[in-house]
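Peer 1: Pulled from TrEMBL, these are the listed features:
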type     : residues                                       : note
ACT_SITE : Asp125                                         : active site, nucleophile
BINDING  : Asp125, Asp184, Gly242, Thr244, Arg256, Trp260 : substrate binding site
ACT_SITE : Asp184                                         : active site, proton donor
Amino acid sequence: MASICLIIKKNMNRLFLLLFAVALTNCTDHKEDNSVDIEKILSQNVEKTKETLKELTPDQGFARNIPNGQTNWELVGVKDWCSGFWPGVIWYAYEASGDEQLRLQAEKFTEPLKTIAYSAAENHDIGFMLYTSYGNGYRLTKNEEYKNVLLAAADTLATLYNPNVGSILSWPSQTQFRHNTIIDNMMNLELLFWAAKNGGKQDLYNVAESHALVTMKNLVRKDSAIYHVGSFDETTGDFLKGQTHQGYADESMWARGQAWGIYGFSVAYRETYRKEFLDTAIKVSEHYLNRLPEDGIPYWDFDDVDIPNVPKDASAAAIAACGLLELSKFVKNEEQSKKYVSAARRMINLLSEAPFYSGDTNQALLLHSTGHLPHKSEIDVPIIYADYYYMEALLRLQKMDEDNSTELAKS
Ligand code: GLY
């Protein structure tokens, strides 16, 4: 009798495992058969980050780009708008691996950026510099000193707010644009929202919310493409015109700008629950997805008349993937949510293979980003923010897959 019970029990266990495997396959139906192995790619990226760290120290500077013909990062100082991304990559590598050596390195590369929080604001990029470095550092370590730096950084960023316009002056030095508010600036509201919830001034929430509303009303065009720069009268607050700085033309769709919009409006919705931000995030995402070339990675600007003979922008793909993964958490329709996860997964799959994955080519994780083509700078090269958002997207996907498996195991 006991042996019959054992046989039944064993077979029940097998049946359970079989059902679990079938359920897992159904649950991850947004995963394509040729999905990359996220664990493997993350661990390769961690190893590569460790190798690169052997050749870099914070006093030399912070990784920014790798010009053609070079294999090592070109370095910039703390005041460069990209200074936070390299410490951010190291924090993500620490998050992926739990390697304490990486935590120590991340701390070393984070600390020099403190000065930005306590100096007069030169531009909106304070969020890019500090939320990627100190923000990830605080999220992962809960170091109280990091929190204080972030709160100071939020106050400094808010000094650029103009109440007449209701938005932050993104580039004080670019006076030709009058009071300018650029789509990239949406990404720096997260620092303000975070500070308002974590002991900072409540007004920081109002500044961020107002900034997002002004951006939504004036920079998002009727066709759902986004202006790079909005120019406003600094006294009356009137919207003067939409322009570009880094895109092909004022009315074109600059790929990275559209990606900043996808991510930025998704976060604005997460923080405010204002439906118009969700609607905006959806419409700018749909427009981006509908206009993507068949191979899934955008050209630097969707409207360059010389497409397909123009460079791609891998950074836009990595940013859009993060934004779509964020958005997928808030759309009410399950099919639509799966569509955004699936689109993001496809982007990350594509970036994880030739011709975008760097492998042994140079110190970067990704090739083929375009920084500022009209200025003839950073064209079709590795750029550090592509690596940063690529690591973020991989970690987001890994977490989603783990959560799905846990949910299934519980059900
Ligand atoms: N925030 C500047 C850029 O996206 O190039």
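Cβ coordinates come from backbone N, Cα and C, glycine included.
Structural setting of the listed features?
Peer 2: Counting every protein chain shown, the Cβ of Asp125 (active site, nucleophile) has 23 other Cβ atoms within 10 Å.
DSSP classifies Asp125 (active site, nucleophile) as coil under the three-state reduction.
Under the three-state DSSP scheme, Asp184 (substrate binding site) falls in the helix class.
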Peer 1: Please list, in sequence order, those recorded positions from Asp125, Asp184, Arg256 with the Cβ less than 6 Å from ligand 1.
Peer 2: Asp184, Arg256
Peer 1: Validating a neighbour-count step here. Other CB atoms within 10 A of the CB of Gly242 (substrate binding site): how many?
Peer 2: 19
Peer 1: Pop the Cα-Cα gap between Asp125 (active site, nucleophile) and Thr244 (substrate binding site) into the table, whole Å please.
Peer 2: 18
Peer 1: Under a three-state reduction of DSSP output, how is Thr244 (substrate binding site) classified: helix, strand, or coil?
Peer 2: coil
Peer 1: Of all the Cα pairs drawn from Asp125, Asp184, Gly242, Thr244, Arg256, Trp260, the residues the record ties to substrate, which distance is largest, in Å?
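Peer 2: Across Asp125, Asp184, Gly242, Thr244, Arg256, Trp260, the two farthest Cα atoms sit 20 Å apart.
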Peer 1: Given the binding-site residues Asp184, Gly242, Arg256, Trp260, which lie within 10 A of Asp125 (active site, nucleophile) by CA-CA distance?
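Peer 2: Correct set: Asp184.
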